[in-house]
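Read the structure below first, then the notes.
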Amino acid sequence: LALKIANVNWQPKLNKAAHHTSDYSSTEAIFRRGQAFNITVNLQRPVQCGGNFTFIASTGPSPSESQQTKAVFNLFEESASGWSATQEPSKPGSMNFTISSPANAVIGRYKLRLQTVSRNKVSSTLLGQFVLLFNPWCTNDDVYMANEKERWEYVLNDSGIIFQGLEKYIQPEAWNYGQFEEDILDISLAILDRSLNHRQDPAVDVSNRNNPIYVCRVISAMVNSNDEKGVVEGKWNGNYCSGTNPLQWSGSVTILQKWYRKRYKPVRYGQCWVFAGVMCTVLRSLGIPTRVITNFNSAHDTNINLSIDKYIDMSGKTLHLTEDSVWNFHVWNESWFTRGDLGSFYDGWQVLDATPQERSKGMYQCGPASTRAIKEGDVNLDYDSSFVFAAVNADYVTWIHYSKKRKERIYSDTRKIGKFISTKAVGTNSRVDVTANYKYPEGSFKERRVYKKALKLLGVRSTGRRSKVTRRRRRQSSATWRQSMTQPAQKPSISGKLILDASPVIGKDILLTLALRNLISDFKTIKVKLRASAILYTRKPKAEILQLSRSIKLGSEEVKEISFKITYSQYKNSLMDDRKILVTAVCETKQGASLLVEKDIVLQDPFLTIKVLGSTVVHKAVSVQVTFTNPLSEVVTDCVLRAEGSGLLKEQLRINVARMAPMESSTVQFEIIPYKSGTRQLQVDLVCVHFSDIKGFVMLDVAPA
């Protein structure tokens with residue numbers, strides 16, 4: 001008799017617990033590869049089963065056994081594909097099967113069919129669909145991670161911290177990854193299906209999805225919109241009126257859902273932490289252990305000659321004579337997997353960067369680059385290890401540009417780039433410094449040896465010039481380095497330091513002191529040109545705030561101080577949302593020696609306090625009280641308080657704050673009804689046109705109902 005199936009029970013409770021997929025907001029069966037799952041087939045009428053069953057698991061638009069996108073396997077037989085099925089004891093009228101996939105199976109959405117033979121007649125029944133993910137719990141999976149606490153943090157934790165600010169003022173910013181929220185897994189799979197690779201050859205693309213190296217590289221290209229109408233459009237010029245200011249995002253869920261629901265139209269706008277936050281969400285949802293990394297003083301070395309050249313004029317104004325730059329910070333990702341293409345030495349954390357900075361093999365994608373390769377200077381290895389090596393190791397050279405024919409190298413710093421490389425700690429919100437994963441201690445014999453090895457592999461002479469033409473070569477950089485060899489930097493005869501007299505707070509004047517010291521016994525007259533500019537976090541100047549000139553006389557080894565201030569009225573209309581100001585002092589003696597002193601300032605926001613008025617329990621309403629202060633000495637109107645958090649609020653909450661008097665404190669109360677237990681992150685953000693966002697967050701332990 002032909003098998004007549006009433007329904008299929010995918011054993012959701014049992015399988016979700018075994019496969020660590022309970023958190024996904026989906027009714028679909030979600031399994032991890034390399035691990036067995038159980039299904040029960042309920043029949044319309046009991047039959048005597050002879051065990052002549054064949055299962056067919058298939059994925060992609062044109063499944064094929066040769067491309068590992070289709071597996072045909074008989075009951076109780078190990079197939080060449082690595083898939084297998086066994087039958088377990090069951091009640092009359094039903095059949096229990098245990099099905100196992102191999103640890104190197106293609107990930108994605110599968111169809112499962114059951115084929116039976118009765119009286120030489122073959123009948124095939126669709127049992128249903130399931131999604132197969134990478135499996136960090138499986139020892140044979142390329143993404144296997146041995147430590148349970150790390151698996152929880154890098155795969156299952158749906159909130160986190162992204163570090164921003166300056167090397168001397170590191171700020172933790174909350175981010176809602178929300179990889180288990182509604183539609184996010186579907187969106188992650190749709191991202192793969194929208195890629196250029198998939199459009200060019202769907203069958204080959206899907207067959208490569210067993211490999212985390214391939215999947216991560218595709219995602220790094222798709223999270224930015226530069227080549228493929230990907231998820232996020234980048235913008236760094238300070239004008240975001242045709243989209244959302246990148247600083248106003250506080251999580252990935254809204255961005256991904258917007259891209260999906262607007263039929264794959266890139267979401268405006270993102271900057272590096274947005275690209276990294278979204279990429280972390282997508283890769284965690286697919287089962288690849290992933291974290292977010294911040295590199296302070298991050299080099300963008302466009303021609304990969306391991307030198308970042310900065311030009312200023314005699315007044316300290318930055319001149320754009322090169323495409324090289326140093327960002328206050330840059331954010332990228334690391335994912336954890338083996339490197340079968342490079343060898344086991346390079347297994348472990350791999351750098352991925354979805355921020356569109358340079359093309360790699362014709363597209364805006366970056367990585368995976370092994371952190372071991374970066375630390376050892378193996379800059380010739382796939383993928384893009386030279387770009388990441390430069391981001392953490394390039395030398396920083398400052399020049400005063402007098403004319404087309406005359407410039408002076410005044411400073412060369414081998415230690416400025418790649419400081420305090422940071423990520424969130426496992427299990428807590430504290431910062432962990434991972435600089436030692438990227439390089440040996442600055443100035444050590446090993447660090448300089450690795451640097452020289454990288455120069456050699458890149459074909460860069462010790463002068464900084466490429467020994468052979470490459471596609472990224474810039475003539476400017478070569479001219480710069482010829483100059484540096486003919487005019488070595490003089491030993492300084494004066495030193496200086498810019499000191500903040502008090503913590504800089506938005507709405508208040510900024511008080512500064514320039515301390516100058518004569519390092520030699522000769523009497524000196526020094527011309528000082530002070531300049532303050534509003535900058536973006538990429539250190540690109542956007543508006544002039546202040547210019548001052550002073551003349552100062554220094555006796556033998558004397559120290560003198562110049563005090564000055566930048567008033568609120570001077571900076572209020574120039575300040576960008578980044579709240580960053582670059583102050584420079586160019587100091588020149590009659591003997592022609594020059595000194596440049598720089599200081600990056602971040603204006604601090606007033607604090608925002610969040611109080612939860614009661615215990616947090618699943619499905620039980622609880623009130624939240626938020627108190628904040630208008631930091632300005634003027635009335636502000638039309639502010640909006642926003643709140644979000646996975647497991648706490650199904651969608652972002654928005655509350656209008658009509659009017660706030662100067663320096664006035666205001667309190668807003670709202671209700672949340674948690675829908676998931678465990679540690680949850682509630683984020684609150686006060687958005688106002690008069691000043692940049694004031695953000696805060698609180699961690700809540702939500703008890704089960």
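Cβ atoms here come from the backbone N, Cα and C positions, even for glycine.
Look at TrEMBL and you will find 264-356 tagged as domain 'Transglutaminase-like'.
Taken from TrEMBL, the feature active site applies to Cys272 (among others). Other Cβ atoms within 10 Å of the Cβ of Cys272 (active site), summed over all protein chains shown, number 26.
Sequence-distant neighbours of His330 (active site): residues of the same chain at least 6 apart with a C-beta under 8 Å from its C-beta are Cys272, Thr294, Asn295, Ser298, His300, Thr355, Ala391. Taken from TrEMBL, the feature active site covers His330 (among others).
Residues or ranges marked as active site in TrEMBL: Asp353 (among others).
Annotated Ca(2+) binding site per TrEMBL: Asn393, Asp395, Glu442, Glu447, in sequence order.
For 464-476, the entry in TrEMBL reads compositional bias 'Basic residues'.
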Residue among binding-site residues Asp395, Glu442 with least C-beta crowding, 10 angstrom cut-off: Glu442
Least surrounded among the recorded positions, given as Asp353, Glu447, when other CB atoms within 10 Å are counted: Glu447
Other CB atoms within 10 A, centred on Asn393 (Ca(2+) binding site): 24
Separation of alpha carbons, Asp353 (active site) and Asn393 (Ca(2+) binding site) (Å): 17
Cβ-centroid neighbourhood (8 Å) of the Ca(2+) site, Asn393, Asp395, Glu442, Glu447 excluded: Thr414, Arg415, Ile417, Gly418, Lys439, Gly443, Arg448, Tyr451
